[in-house]
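This report concerns only the one structure given below.
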Amino acid sequence: MSNAPRITLPAWIDIGVIPVVNILMALVAAGAVILIIGEDPIQAVQVMIQGAVGYDEGIGYTLYYTTNFIFTGLAVSMAFHAGLFNIGGEGQAYFGGLGIGLAVLALDGGAPGFLIVPIAIAAGALFGAGWAFIPAYLQAYRGSHIVITTIMFNFIAAALMVYLLAGVMRESGNMSPETREFASVSFLPFMHEVFAWFGVTITRTPLNLSILWALLCCVFVYVFIWRTRWGYALRTVGQSERAAVYAGISPPRIVLMAMCLSGALAGFVGVNELLGVQHRLLLNFSAGYGFTGIAVALMGRNHPVGIVLASLLFGLLYQGGAELAFEMPTITKEMVVALQGLVILFSGALAYMSRPWVERLYLMARGGAERRAA
Amino acid sequence: MDDTFLLVVRTLDATLRVATPLIFCAMAGLYSERSGIVDIGLEGKMLAGAFAAATVAALTGSAWLALGAAVLISMSLALLHGFACITHRGDHVVSGVAINILVAGLTIVLGNAWFRQGGQTPSLPADARFMSMDFPGAEAMSEIPLIGQIYAELISGHNLLVYAGLAAVPLTAWVVYKTRFGLRLRAVGENPAAVDTAGISVVWLRYRAVMICGVLTGLAGTYLAIAQNAGFSRDMTAGQGYIALAALIFGKWRPWLAFGACLIFGLLDAVSIRMQGVELPGIGEVPVQAIQALPYVLTVVLLAGFIGKAVAPKAIGQPYVKER
């Protein structure tokens, strides 16, 4: 690593302080934008927080967005651990949705729900993994760069889905590019329905059982990466391919494994969006969640716990941003997209910019403490 | 027969129009990537340039001021990319992605706040744009078959930026292959340590490369917003920055080959519009989406090494650390 630290900072500064400093810089930059367009950033933050967590419905929506970001954030981080940059989360999520749609449309005529849902989830994983497999294979065995091929595959997926949904798969008589509605046996229960089973009434929101699946995936990713030999091999390849070869690990196979798992995780966006909320396959349901996954993974430092926290923050921003656009019409909801860019910039590309200052502050503080002790 | 010929000429004419932003961006990417800086951010810089051009043209009514603003904005984003990648040795791809996403959001937010048209800028009058120029005698020549038609339809009747785009290719080829700067540029992308040993600043050389990249993407944006169209609309680049990147790779990071790739991809675009609903003998109707996806598919196939081999500059994407 060229960015090797010059001094060792205590872990709490490295994982606690520096990421927070980076995010604060992004937030300050976003605040400057809001000032430029003549609005009050403090008021904007208040509106966003109120809109995202100030009332029941807001919280439901926040958690529903969070679910998507956990899936795509985990997907990006899985590839990152193997030293790969998967920009194709968007296309893999989209294609995974196709798998889910095909599975449900084929089965919902007669099969029971407890059969359809797992098959659909597996189909989403399979299709997402399949869409990641080709770029992974080309990277592993033909030496073509994964960043470029996954970008190309995003566009190919988009073109393919337009073709399918505007033509072959469109419901006859329906003008909008979407399939027929799935039969209700395939629906994942909404959380307000789940709570109603136990006699608890909560507000109706799009939040559904997928969030539990997302949390399970976090546990799976944690165990897989840090507690299995495959995860060990994956991290070894990510750190040093030569060391991996020396240890008898085959990097091409690890590349395939990491990318397929990454694609499968991205494919689960369809579980939340299609089985949970939309109940049909429709155009652009992935809505940029794949790209947000990059910001989430960078911010969450590729650790499941960090990813859940970062996903919560982005869920809050998405829901709060929608509310903000409603309350302060000068600010559109794309402000969140801009902020996302700033987060990627400050906690990704410029991640080490704040380090020298933090180091100096830390040394000064420690020096002061030592003097006092003496 | 005559009609077919005219159709071909007109298709080529349309090709040139849609290929111009690709040519600017591919040349922009060439400078950057040949110096070792990966540029995923062509799309974002072009979009920012387009927004700046449309905004300034709407406010001042001057196409030239608009061009200046677009170049300035795209260049500052290029410098930001340089700051992250060269000075702070950040990940090139992450920085490029950040710029693309930032610009995609910011242009809509600012556009909506300033013009209140849902992210669009006001429609521009002709004198605030770069309009097509008819060459002398084009009208009279159009009566003459073949040569006259080519002259009138294909060569004459474009706006200034189309010709500038065409000029950028030989200029880039000359700079990269025939000047001292070009030699050093290529060297720094292959082996920065050697360049450093020769007493040339790697950092300054790479900064110059990304600045040139910024200027050219600014021109691409200007073309989109105030020459090809009469204003900015949200996400108006629609992935063309990525197509240009694909063209650059398809052209193996060489100016003339990249230019050829831009023309092929432009042609595919021009043809896909005409092909809508046309039945081909033996194949049937080709879906428009298939033609639209073809540049991406072709690039993947090339990268996979099935048609020739595209070899990137050796030191691309690696931060240069002087002396450890």
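Even glycines carry a Cβ here, placed using N, Cα and C.
According to TrEMBL:
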{"type": "TRANSMEM", "residues": "A:12-38", "note": "transmembrane segment"}
{"type": "TRANSMEM", "residues": "A:63-84", "note": "transmembrane segment"}
{"type": "TRANSMEM", "residues": "A:91-107", "note": "transmembrane segment"}
{"type": "TRANSMEM", "residues": "A:113-134", "note": "transmembrane segment"}
{"type": "TRANSMEM", "residues": "A:146-170", "note": "transmembrane segment"}
{"type": "TRANSMEM", "residues": "A:182-200", "note": "transmembrane segment"}
{"type": "TRANSMEM", "residues": "A:207-225", "note": "transmembrane segment"}
{"type": "TRANSMEM", "residues": "A:245-269", "note": "transmembrane segment"}
{"type": "TRANSMEM", "residues": "A:281-299", "note": "transmembrane segment"}
{"type": "TRANSMEM", "residues": "A:305-326", "note": "transmembrane segment"}
{"type": "TRANSMEM", "residues": "A:335-354", "note": "transmembrane segment"}
Same-chain Cβ contacts of the transmembrane segment (A:207-225) under 8 Å, 6 or more residues past its ends?
-> 60-61, 63-64, 66-67, 70-71, 74, 77-78, 81, 121, 188-192, 194, 231, 234-235, 261, 265, 268, 271-272, 275-277, 303-305, 307-308
Segment proximity, the transmembrane segment (A:113-134) to the transmembrane segment (A:182-200), 3 or more C-beta pairs under 8 Å = yes
In the same chain, residues at least 6 away from the ends of the transmembrane segment (A:113-134) whose Cβ sits under 8 Å of its Cβ atoms read 86, 88, 91-93, 95-100, 102-104, 107, 149-150, 153, 157, 185-188, 213, 256, 259-268, 270-271, 275
Do at least three C-beta pairs under 8 angstroms join the transmembrane segment (A:91-107) to the transmembrane segment (A:335-354), pairs 6 or more apart in sequence?
-> no
Counting only residues 6+ away from its ends, which parts of the chain sit with a Cβ under 8 Å from the transmembrane segment (A:245-269)?
-> 68, 71-72, 74-76, 78-79, 81-82, 84, 86, 88-90, 92-93, 95-97, 99-100, 121, 124-133, 135-137, 139-141, 146, 210, 213-214, 217, 221, 224, 230, 233-234, 236-237, 286, 289-290, 293
Residues outside the transmembrane segment (A:281-299) whose C-beta sits under 8 Å from one of its C-beta atoms, at least 6 past its ends, are 19, 23, 68-77, 80, 87-94, 97-98, 100-101, 105, 154, 161-162, 165-166, 169, 176-179, 266, 269-270, 273-274, 306-307, 310-311, 313-314, 337, 340, 343-344, 347-348, 351
Ranked first among A:146-170, A:305-326, A:335-354 for CB pairs under 8 angstroms with the transmembrane segment (A:12-38) | A:335-354
